[in-house]
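These come from TrEMBL:
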{"type": "TRANSMEM", "residues": "B:12-33", "note": "transmembrane segment"}
{"type": "TRANSMEM", "residues": "B:72-96", "note": "transmembrane segment"}
{"type": "DOMAIN", "residues": "B:72-262", "note": "domain 'ABC transmembrane type-1'"}
{"type": "TRANSMEM", "residues": "B:108-135", "note": "transmembrane segment"}
{"type": "TRANSMEM", "residues": "B:141-163", "note": "transmembrane segment"}
{"type": "TRANSMEM", "residues": "B:184-206", "note": "transmembrane segment"}
{"type": "TRANSMEM", "residues": "B:212-231", "note": "transmembrane segment"}
{"type": "TRANSMEM", "residues": "B:238-261", "note": "transmembrane segment"}
Amino acid sequence: MATEHSRSSARLMIAPAVFVLLVWMLVPLIMTLYFSFADYRPLRATFETWIGFDNYASFLTSSSFLSSIGTTLWMVGSILLITILGGVLLALLLDRPMFGQGIVRILVIAPFFVMPTVSALVWKNMFFNVDNGLFSYLFKFFGAQPFDFLSQLPLFSIVIIVAWQWLPFATLILLTAVQSLSSEQLEAAEMDGAPALSRFWHIILPHLSRAITVVILIQTIFLLSIFAEIFVTTNGAFGTRTLTYLVYQRVLESQNIGLGSAGGIIAVILANIVAIFLMRIVGKNLDN
Amino acid sequence: MARAITTQKKIMWTVLSWGIGLLIFFPIMWTFLTSFKTEAAAISDPPVWFFFDWTLENYSAVLERSNYPLALMNSIVIALGSTLLGIIIAVPAAWAMAFVPGKRTKDVLLWMLSTKMLPAVGVLYPLVLIAKYFGVMDSRILLVVILMLINLPIIVWMLYTYFREIPGEILEAARMDGANLKNEIIYVLTPMALPGIASTILLNIILAWNEAFWTIILTTVNAAPLTKFIASFSAPEGLFYAKLSAASIMAIAPILIMGWFSQKQLVRGLTFGAVK
């Protein structure tokens, strides 16, 4: 029913948002692409505009790249595993009849609203610290040797911190999905004598599969760019240097702009692969 | 008989859920308790739980010392500023896409979403360069603009899903009555859209408040918000647990409270309507 007049004013209304996002996406990205083919090291006053794919070659073949990919996969993978498994269990639990459901929900969701630097510092000092951390007291209480988490198990420690922040997100989304499950279907299965495990496997899990996929994709996109938690705890040392952190160090710490930009472009390509899958799901949903 | 079993089960689920809920909440609770201890009590062995001399000295120490008030002010300006700027740009766009959908509306929406997925490190150096070129490094305006840009796709998307729920017949009736575009927006759309806009604002203030990549990298002192201020605690200086806790509680309390009110919006805003 839209008239030609409203069409054109609609276009006018969309224009500012499209324009700023287009500029935001294109200008810096083209600059990064340009730098990625240059030998640009401001500290040494080197600037050669075209060195072909040298940066990509040296970035991709450096041992720090391979180990950063390994670290990234471990970190993102284990956080996903913890948050999805924990999230499904918690969502099912919170869906049960209980007293004070609203308050439990509030307790569970809270960590998601804590700013990353605060959660990283609180965990680092008040829990992981070998001298005064709570875990050290706990270990001593059980007669074990206190343990320096951040230098002994740095990757694991960061995984714990970030998983703590994202578990609420997974739980909340999965709980929303669980609550949309028709209870009639479940009751019918229960009447027919289907045991709890098979009800979970054949009814609940298939119903949750879409929500789980969405959680995996969205978290992956956010987790690929984890920064503050690493910055505050290990600063990339002890094998906790992810791809994001490696690029940050190349660009801002060692000021090798060319090399860092090549790494940035590689990070963009990898993130896009994940994004395509997410877009498909979201796009399908738009149609109905 | 059946009723007795359900009550028994309900109590079991209650105990289990509360146990796990309190465990997950524990780090925040512990930080809260520690913020009222003296520095000595904060690291006492064994740890003290509730029975210590409660004190507010950490809060006043943090407020007086250092530049906490400035960081707080920066956080407020940046979170509110970027959200409002985003709303101003996003409301017309979302309105047009919801009520005058064209052939390419879906593509535009998806494309906007895709910009959200651009990794920050992919555009890191150009942004530093551009900021330096315009002389806006470590300024509030820079962060207002950048946080607006990274959250704009979410703002447009959320508003779009809210606007789409407004029945189109009402708009058509208004048009029949001869309302022009301006009146349509002021008298018909705005009252119906306000709850959605308010929810969007709420979620985006939370996201902007907690953003911890650009705020850390693009600020030093003048525009440093709480994320950056707290990060400066990472180099310990003697006894500082109680003060760290007080600073942390002040940084997260307002957002925690807002967050509890925005659980539903969170699902909508961060799954882009893919989970209902």
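The backbone N, Cα and C atoms fix where each Cβ goes, and this holds for glycine too.
For the transmembrane segment (B:72-96), the partner stretch with the highest count of Cβ pairs under 8 angstroms, out of B:12-33, B:108-135, B:184-206, B:238-261, is B:184-206. Counting C-beta pairs under 8 angstroms (sequence separation of 6 or more), the transmembrane segment (B:184-206) reaches the transmembrane segment (B:238-261) with 3 or more such pairs. Stretch with the largest number of CB pairs closer than 8 A to the transmembrane segment (B:12-33), among B:108-135, B:141-163, B:212-231, B:238-261: B:238-261. The list of residues near the transmembrane segment (B:108-135) in space but at least 6 beyond its ends in sequence, with Cβ under 8 angstroms from a Cβ of it, reads 97, 142, 146, 150, 152-154, 156-157, 160, 213-214, 217-218, 272.
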